[in-house]
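*Asks:* Please read through the structure below; I'll follow up with questions.
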Amino acid sequence: MKFLLQQIRNMHVKPIKMRWLTGGVNYSYLLSTEDRRNSWLIDPAEPLEVSPKLSAEEKKSIDAIVNTHHHYDHSGGNLALYSILCQENSGHDIKIIGGSKSSPGVTEVPDNLQQYHLGNLRVTCIRTPCHTKDSICYYIKDLETGEQCIFTGDTLFIAGCGRFFEGTGRDMDMALNQIMLRAVGETNWNKVKIYPGHEYTKGNVSFIRAKIYSDIGQNKEFDALEQYCKSNECTTGHFTLRDELGYNPFMRLDDRAVRLAVGDTAGTYPRSVVMQELRKLKNAM
């Protein structure tokens with residue numbers, strides 16, 4: 001099985017590792033236009049780890065600091081990075097965009113489906129409340145090439161999803177399987193590369209193998225993901241929404257194997273209950 005991948009040519013996405021030595025395995029991202037003159041810095045939680053990994057030219061290009069949600073390991077570096085960027089780029093106007101004023105220094109709170117333009121890049125803000133009420137996924141489309149990606153924070157991980165800190169199973173089902181998928185559109189699912197907030201894939205794969213697809217051959221898409229993880233440390237930017245629909249149990253709530261894993265032998269549980277029980281099962285691992 002070949003995953004549905006496209007190499008991003010005109011837009012540039014630079015993953016920046018944070019908190020890998022302390023177990024957080026976070027990502028910040030620098031999203032830049034083709035000419036690299038305009039950029040967004042997404043979830044720069046750790047200034048001492050992020051700033052040294054940005055060149056002087058990259059710092060000059062940053063128009064906005066952007067948060068997927070307010071948790072400190074995503075927004076905690078807002079003010080320090082803002083200060084650093086303003087000192088190094090006198091007179092450059094830098095916005096801080098987030099889902100609520102709970103993120104430090106936020107100057108703009110976008111509405112659901114509000115759009116921004118960064119050069120040829122169109123950014124659609126998809127509000128996906130559950131992990132936090134202010135969670136936003138940023139869906140990017142290059143209007144020149146058609147290339148696409150999405151920054152999902154702690155809403156969607158490769159082969160998993162975030163905990164329901166400020167929502168319910170129904171909320172996460174709505175966020176993942178209705179709001180996000182509809183906003184992107186079915187014709188784009190195989191084009192949209194996923195950039196999550198954490199590198200949790202290996203743990204998610206272990207959970208799925210232990211609790212859902214226990215046998216090789218039961219889900220070939222999942223088997224291929226498992227093999228990829230054995231030889232690759234990082235999975236961010238390598239998989240699409242269409243890939244996730246093939247193996248992510250939180251996006252496969254009607255799959256008999258998923259329902260059996262949560263005790264729904266008759267296949268009668270509402271989707272919200274399946275989602276809630278699946279999250280409990282994952283939390284217990």
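Cβ atoms are placed via backbone N, Cα and C, with glycine included.
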*Asks:* Besides H69, H71, D154, which of H92, H131 does Swiss-Prot list for that Zn(2+) 1 site?
*Replies:* H131
*Asks:* Using only what Swiss-Prot says about Zn(2+) 2 binding by D73, H74, D154, identify which of H12, H198 is listed for that site too.
*Replies:* H198
*Asks:* Would you mind listing, in sequence order, the residues at least six apart from D73 (Zn(2+) 2 binding site) in the same chain with a Cβ closer than 8 Å to its Cβ?
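*Replies:* Residues satisfying the criterion: M18, R19, G24, N26, A45.
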*Asks:* Which ones, of the binding-site residues H69, H71, H131, D154, have a Cα no more than 10 Å from the Cα of H198 (Zn(2+) 2 binding site)?
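*Replies:* Near H198 (Zn(2+) 2 binding site), where near means Cα within 10 Å, the binding-site residues are D154.
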